[in-house]
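Asker: Next up is a structure, given as structure tokens.
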Amino acid sequence: MAVRRRTAAAAAGDPPPQAPPADEAAAVAPDEPVLRAPNLRVAAVAAALFLAPFSYLAFVHYSLTADLQRSILKCGAMSLVGFCVALKLIPIAARYHLRRRMFGYDINKKGLPTGQIKVPEALGLVVGIVYLVIAIIFQQFHYAPDSIWLVEYNAALTSVCFMILLGFVDDVLDVPWRVKLALPTFAALPLLMAYAGGTSIIIPKPLTPYVGLTVLELGLFYKLFMLLLAVFCTNSINIHAGLNGLEVGQTVVISAAVLIHNVMRIASSTDIETQQAHEFSIYLVLPFLTISLALLAFNWYPSIVFVGDTYTYFAGMALAVIGILGHFSETLLLFFLPQVLNFLCSVPQLFHFVPCPRHRLPRFDPGAGLLTGTKDGNLVNIFLRLFGKCSERALCIRLLIFQALCCVFCFWLRYMLTGWYK
């Protein structure tokens, strides 16, 4: 979490700033900020933990078609290129952000020398752009010009692009919370207008005798549900934050669960449309996972860069469109179980039933180097109150383990309810 320091706006009558002489610029050049090297070890460990199960299921455990395996390899190769490009561009963009005074101070290190370091903000912009470029290039090599999936594919990318723009606007202008809640509504419009899939839901079998239907057509109400899902996913990641690595880490865990779910559904389903929907989801989430791993290498404790609202909005919208167009929105909400709990615990403060501070962060003890929970109603503070004070890195790891366990619970629940629920 960062506290931003902005330059004062120039007066209307002030003359434009003059460029420094060449010799003065040369004298300033050595003072360019030097960023630490990214923590590639964390990215490698996360990749091994979360990509290995998907790779095993896709290429060893299940007998997927050779064409699908080639397409996954093609997407994976392009995603690896995106990972390398993001690693290269993030330090370059970070220096530009520092020059434009887009930086913050780490509140959870206040009182330590590291708490006085200027940390560049809004670096989610870089990975968002890299993701869009990779996804756009991939469609050229995979989808035919007359493919029925192209309209929804491009609508999904348009919504993601729109959300990246609005997220960056929020990072620059620091818009109020009531405006932040509305931003995903505008970004989801291209997806809603282009959506041509079904708008019906299957009634759970235990409720069928009471409802008298097996399938319920929702029409426009289904699109309203899609809109609310996009708004929730986007804002839920944004409020489940405040620790180095937490925002990116939770999206990495959810993305890995989505990949595994897609492969399992492709292998278990005999419906061609269902299989194509989950293939579509894989092609969107795989590059998203790899570029997030690149950002995690810079954002892991202690953070070299802050991701900003640009990344949290981008990540939420990307996962929302992946779940909506992949037709597994219910499962996606189960993957978001920690975010749902965090939102429910945050409702009294978010809607001002009780006082809500600007940053609902734990207290930091610079002497011990540990965080202590406050009375704020979010998972970060609840974990500290339940399990005791700990370091920021340990707390982040605990929350990510909880995220992973919730995803495992989701898979178990789907397995137990198969054939009985639907």
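Placed from the backbone N, Cα and C atoms, the Cβ positions cover glycine too.
Heads up, TrEMBL stuff is auto-annotated, nobody curated it.
Dumping what TrEMBL says about this protein:
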type	residues	note
REGION	1-24	region 'Disordered'
TRANSMEM	42-64	transmembrane segment
TRANSMEM	76-98	transmembrane segment
TRANSMEM	119-141	transmembrane segment
TRANSMEM	147-169	transmembrane segment
TRANSMEM	181-203	transmembrane segment
TRANSMEM	209-234	transmembrane segment
TRANSMEM	280-298	transmembrane segment
TRANSMEM	310-328	transmembrane segment
TRANSMEM	395-417	transmembrane segment
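Can you tell me where each of these features sits in this structure?
Answerer: Long-range Cβ contacts of the transmembrane segment (119-141) within its own chain (Cβ-Cβ under 8 Å, at least 6 residues beyond either end) map to 2, 4, 74-75, 78-79, 81-82, 85-86, 89-90, 93-95, 97-98, 102-106, 150, 153-154, 157, 160-161, 164, 167-168, 171-172, 283-284, 287-288, 291-292, 294-295, 298-299, 303-315, 318.
Note on the transmembrane segment (147-169): residues 122, 124-125, 128-129, 131-132, 135-136, 139, 175, 183-184, 186-191, 193-197, 230, 234, 276, 280, 284, 308-314, 316-318, 321-322, 325 of its chain, located 6 or more positions outside it, place their CB under 8 angstroms from a CB of the stretch.
Here the transmembrane segment (181-203) has long-range neighbours at 151-152, 154-156, 158-160, 162-163, 166-167, 170, 175, 211, 213-220, 222-223, 226-227, 230-231, 233-235, 313, 316-317, 320-321, 324-325, 327, 422, meaning same-chain residues at least 6 beyond its ends whose C-beta is under 8 angstroms from one of its own.
For the transmembrane segment (209-234), the residues of the chain that approach it from at least six positions outside its boundaries are 159, 163, 181, 183-185, 187-188, 191-192, 195, 199-203, 312-313, 316-317, 319-321, 323-324, 329, 332-333, 336, 339, 343, judged by C-beta separation under 8 angstroms.
Beyond the transmembrane segment (280-298), the same-chain residues lying 6 or more positions past its ends with a Cβ under 8 Å from any Cβ of the stretch are 38-40, 42-43, 46-47, 50-51, 71-72, 75-76, 78-80, 82-84, 86-87, 90-91, 94, 123-124, 126-127, 130-131, 134-135, 138, 142, 149, 152-153, 156, 245, 248-249, 251-252, 255-256, 258-259, 262-263, 304-305, 307, 311, 315, 318-319, 321-323, 325-326, 328.
Within the chain, the transmembrane segment (395-417) has long-range Cβ neighbours (under 8 A, six or more residues past its boundaries) at 243-246, 249-250, 253-254, 256-257, 260-261, 301, 331, 334-335, 337-338, 362, 371, 379-380, 383-384, 387.
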Asker: Residue list, the transmembrane segment (310-328) vs rest of chain: Cβ under 8 Å, 6 or more residues beyond ends.
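Answerer: For the transmembrane segment (310-328), the far contacts come to 122-125, 127-128, 131, 152, 156, 159-160, 163-164, 166-168, 170-171, 183-184, 187-188, 191, 195, 197-198, 226, 229-230, 233-238, 241, 247-248, 251, 254-255, 258, 261-262, 265, 274, 277-278, 280-281, 284-285, 288, 292, 295.
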